[in-house]
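Now, the feature entries from TrEMBL:
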- 122: active site, proton acceptor (ACT_SITE)
- 123, 126, 128, 130, 132, 144: Ca(2+) 1 binding site (BINDING)
- 249: heme b binding site (BINDING)
- 250, 301, 309: Ca(2+) 2 binding site (BINDING)
- 91-171: disulfide bond (DISULFID)
- 124-129: disulfide bond (DISULFID)
- 177-379: disulfide bond (DISULFID)
- 256-288: disulfide bond (DISULFID)
- 81-383: domain 'Plant heme peroxidase family profile' (DOMAIN)
- 1-24: signal peptide (SIGNAL)
Ligand code: HEM
Ligand SMILES: *[C@@H]1O[C@H](CO)[C@@H](O)[C@H](O)[C@H]1NC(C)=O
């Protein structure tokens with residue numbers, strides 16, 4: 001029996017976990033997460049300490065070569081329906097199809113990797129990873145594409161559409177748009193030189209979107225460190241997740257309008273952000289004048305804008321983070337964010353492992369499971 005085989009092979013990988021039938025997938029005998037590694041710190045092998053905050057996953061993702069038990073936003077549950085093997089029988093070629101489209105798109109335009117990584121983030125922070133971000137305006141939908149953080153900013157929809165079209169051909173009505181976003185985020189990271197990870201799948205697509213949620217849950221680039229921590233906590237994500245996932249800014253660009261305040265009027269006193277390194281600041285002023293130029297773009301990691309590496313954290317140490325929200329991870333001087341920035345700047349392997357772990361955690365935020373939601377046939381529209 002298919003589900004039995006999956007359970008058995010998983011038992012080999014993580015033998016010490018106990019399995020319980022999943023509530024979300026009664027016919028899919030498969031559930032983990034919950035109490036695993038719930039307490040205590042030091043949850044990555046490499047020494048990133050986790051203080052406070054009930055935490056699922058523990059050492060599982062690190063040692064088993066696998067993934068973290070889910071449970072973000074599902075504390076105490078103990079059942080979880082996402083599984084890396086979800087499409088093993090229904091669409092075994094799903095990831096290959098995603099990767100072949102990504103390879104072409106990213107070869108043509110390296111920035112596309114960044115845009116797709118960001119799409120998954122902006123999806124997950126608004127009513128969970130449910131592809132709500134992909135829904136267009138309609139009689140019943142106020143599209144998230146028009147929110148402050150998204151408008152004139154998020155991109156990559158044509159690539160998602162091409163992936164969806166190929167998947168509908170190969171495995172009709174099987175692979176959700178939400179999973180396509182998660183697979184594309186991982187594939188984009190890998191193709192940019194970053195880490196790979198085992199990705200739990202089985203998210204279903206929402207029939208609703210939340211424009212207001214998109215406006216309130218996605219952090220602004222002038223957020224304080226307290227702001228950033230609070231918005232990540234709201235998603236069940238920790239300070240470690242915040243710092244590691246901010247490392248996504250190792251690729252891609254930002255528009256002048258998102259960092260202009262820092263250059264000319266950081267604190268309402270017509271002075272620049274004092275934490276900006278001087279020569280970097282002078283260069284940015286050319287790229288982003290006091291008036292106009294709002295859509296001019298600058299790399300988030302100017303040293304290696306297309307390469308997924310830990311340069312982003314080194315730049316922050318040098319006062320060369322582009323967004324205020326990047327620099328405050330260091331200068332906000334709250335909790336262990338300073339130490340985390342330093343550790344990731346020193347040890348790329350540590351950053352990669354934590355980024356992978358935190359991407360799984362972000363991808364586990366409130367997925368629709370079982371009979372909730374649907375598998376859209378067109379990612380722009382509810383069925
Ligand atoms: C911590 C809070 C965060 C803030 C305040 C923030 C803010 C921003 C802003 C303002 C931009 C530029 C948008 C534009 O100019 O149109 C941007 C770009 C980007 N963000 Fe973030 N972001 C955050 C977290 C993340 C996370 C968690 C990820 C992914 C793991 C991510 C991935 C990206 C990528 C890859 C880009 C470049 C996109 C492109 O070039 O198309 N960001 N972010
Ligand atoms: C951040 O930017 C917004 C929009 O420009 C502005 O209304 C707000 O006052 C700024 N917040 C801070 C803390 O500077």
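Backbone N, Cα and C define each Cβ position, glycine as well.
From a predicted model like this one, the values you see are computed outputs, not experimental measurements.
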Cα-nearest neighbour of residue 129 (disulfide bond) within the listed recorded positions, 122, 249, 250, 301, 309: 122
Rounded Cα separation (Å) that holds between residue 128 (Ca(2+) 1 binding site) and residue 171 (disulfide bond): 25
Shell of the Ca(2+) 2 site beyond 250, 301, 309, same chain only (C-beta within 8 angstroms of their C-beta centre): 247, 249, 251, 303, 304, 305, 307, 308, 310, 311, 312
Least Cβ-crowded entry, counting other Cβ within 10 Å, from the disulfide-bonded residues listed as 91, 288: 91
By Cα-Cα distance, the member of recorded positions 122, 123, 130, 288, 309 nearest residue 249 (heme b binding site): 309
Spatial neighbour of residue 144 (Ca(2+) 1 binding site) that is closest, considering only the recorded positions 122, 124, 288, 301 and their CA atoms: 122
Candidates 171, 177, 379: member of the disulfide-bonded residues with the richest Cβ shell (10 Å): 177
DSSP-derived structure type at residue 171 (disulfide bond), helix or strand or else coil: coil
Env. residues of Ca(2+) 1 site, Cβ within 8 Å of mean position of 123, 126, 128, 130, 132, 144 Cβ: 122, 124, 125, 127, 129, 131, 133, 206, 209, 210, 213, 214
Residue pair residue 288 (disulfide bond), residue 132 (Ca(2+) 1 binding site) - Cα distance, angstrom, rounded: 32
